[in-house]
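What Swiss-Prot records for 1-175 is region 'Interaction with ANLN and localization to the midbody'. Among the features that Swiss-Prot reports, domain 'SH3 1' is placed at 1-59, with the record citing sequence analysis. The SUMO2 cross-link feature in Swiss-Prot is assigned to Lys58, Lys523. Annotated domain 'SH3 2' per Swiss-Prot: 108-167, in sequence order. Among the features that Swiss-Prot reports, region 'Disordered' is placed at 167-211, 333-455, 488-556. Per Swiss-Prot, compositional bias 'Basic and acidic residues' is recorded for 167-177, 356-379, 437-449, 517-539. As annotated by Swiss-Prot, domain 'SH3 3' applies to 269-330. Annotated motif 'SH3-binding' per Swiss-Prot: 336-352, 378-397, 410-422, in sequence order. Taken from Swiss-Prot, the feature compositional bias 'Low complexity' applies to 542-555. If you look up Swiss-Prot, you'll see 580-635 marked as coiled coil, on the strength of sequence analysis.
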Amino acid sequence: MVDYIVEYDYDAVHDDELTIRVGEIIRNVKKLQEEGWLEGELNGRRGMFPDNFVKEIKRETEPKDDNLPIKRERPGNVASLVQRISTYGLPAGGIQPHPQTKAMKKKTKKRQCKVLFEYSPQNEDELELTVGDVIDVIEEVEEGWWSGTLNNKLGLFPSNFVKELESTDDGEMHDAQEESEVSLTGPTSPMPSPGNGSEPAPGSVTQPKKIRGVGFGDIFKEGSVKLRTRTSSSETEEKKSEKPLILQSLGSRTQNVEVTKPDIDGKIKAKEYCKTVFPYTGTNEDELTFREGEIIHLISKETGEAGWWKGELNGKEGVFPDNFAVQISELDKDFPKPKKPPPPAKGPAPKPDPLAGEKKTFPLKAEDRDEKSLLEQKPSKPAAPQVPPKKPTPPTKANNLLRSPGTMYPKRPEKPVPPPPPTAKINGEVSTISSKIDTEPLSKPKLDPEQLPVRPKSVDLDALVARNSKETDNVNFDDIASSENLLHLTANRPKMPGRRLPGRFNGGHSPTQSPEKTLKLPKDDDSGNIKPSEFKKDAGYSSKPSLSAPSSASKVNTAAFLSPLELKAKVEADDGKKSSLDELRAQIIELLCIVDALKKDHGKELEKLRRELEEEKAMRSNLEVEIAKLKKAVLLS
């Protein structure tokens, strides 16, 4: 059967369950088929209880204690007893083995610790500590926390609030030995026993002490070797009894001697120093407070806590975080200024003998010595602080998610719109569409020949282009041919009186006037309706305007010799072309109006889409912030 100790309170729900409280011990516990439940006996009542509310008590040392007396009663140990009796003699009080078992039980006592600092429990399973209490240590549960019993109550307590008493059990055994010695060897001992409280004589023989050890029951303990151990322990008792007298007589002299011992050891070992790189203010009494650039004498790097060193600064010893200082050599400790580099060393650096002398003669109190020994058992230590970063961390995706919901990312600049091609004026009107197009991110559609409306069949585009190029050349360069260039070769010849040339000019039209009329008629008719800007625009459809110029010039030369019927037909053809051109202009204006309306509608749609996109971006950024907050909340919970 196994025993369990209760760690948490539990109230019974059913009749077959036990009501348990913290610290109670349940006997004769056995496991049940039902998972998570045990059955045991408490206060004469047997019942069930949950296994996660209790903890098993390990009893590995008890069977060994029970077997020890059996092993010691073997014949081999009796032979060693005979050897001792032959050497030291038989004690008058006889041998009584009963006190021996009590002494062994005391020897197998669990280790104890003494409370150095008061502690108030933060949880139900912790012990309340008062300075001076003695706790029986059961086990080390985790780093920094032990389990033990105090005033018959089991619980946890911090290990750095107590000091382990290693010699407590030996002292109790020594006291038990002295009591048993008085009861066994006091009345019949042939020599006075030094354990009665009287001071031993300077030349006293230690024979009675050895006999006392045998009479106490040590004859069953592994031969004569243990006997010598008992002798040394009795001598240590005498030294302990003499130690208070020495302390009273010498006083502070012993303190100076104790102070000089670590200094002598320090001379053998190389001294270590470290320079502070960040200021630090101590939060506890055993911590050092320093500024940046100070030199600390490093005493030890092992303080029982990771991240903390022990050192001395301005005559005060204490601990400090190791990431606030950098270890340096002994040569560099004389140059605490970090701004200037150290000058080249001309020789070995002088040793700080005066400082060492001051350290040797520095008086220390008993309380200071206790504080030194208890540096590792300080109440609490803050975690070593992290060195602040020298430069700000670059923005990450997580940082972008934490932006405020109202902040928007800067927009990328839009691509500049290329300048539209120059547009021509129609009937002297300035086109306002080009100015609107510049403000819109749309490019002006080009009027390709394929997109133009279908012309009537009577309109000849090539003839119109040739004619326009001819008129442009006449207007721009004043290339109107004179009448002399248009006369026939025989016009200046002498004529016969009273006769004219046969049927040449068709009814009395003078040769000098007819060419001019033929030139003026088309010019006057066309110049009233067609402007040079239209000719420039129409000329853009021609692939080779330079080649059509000579042909137009030849047409002008030949038109001077056309008959009136031909001129009339040509004028009618020109009128038909004018009407078709007017239709084309109307269609183009209508198309431009339609395109302008489409652009306006398209711009409105784009603006609406932009607004909706901005709203979606804002909603998404808010959603990402909410998701980040939820993730943090889940991680923290």
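The backbone N, Cα and C atoms fix where each Cβ goes, glycine too.
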Can you count helix, strand and coil residues in the domain 'SH3 2' (108-167) using DSSP? 3 helix, 32 strand, 25 coil
Stretch-averaged pLDDT - the motif 'SH3-binding' (378-397): 40
For Lys58 (SUMO2 cross-link), the number of neighbouring Cβ atoms whose distance to its own Cβ is within 10 Å equals 11
Go ahead and report the DSSP secondary structure tallies for the domain 'SH3 3' (269-330): helix first, then strand, then coil. 3 helix, 30 strand, 29 coil
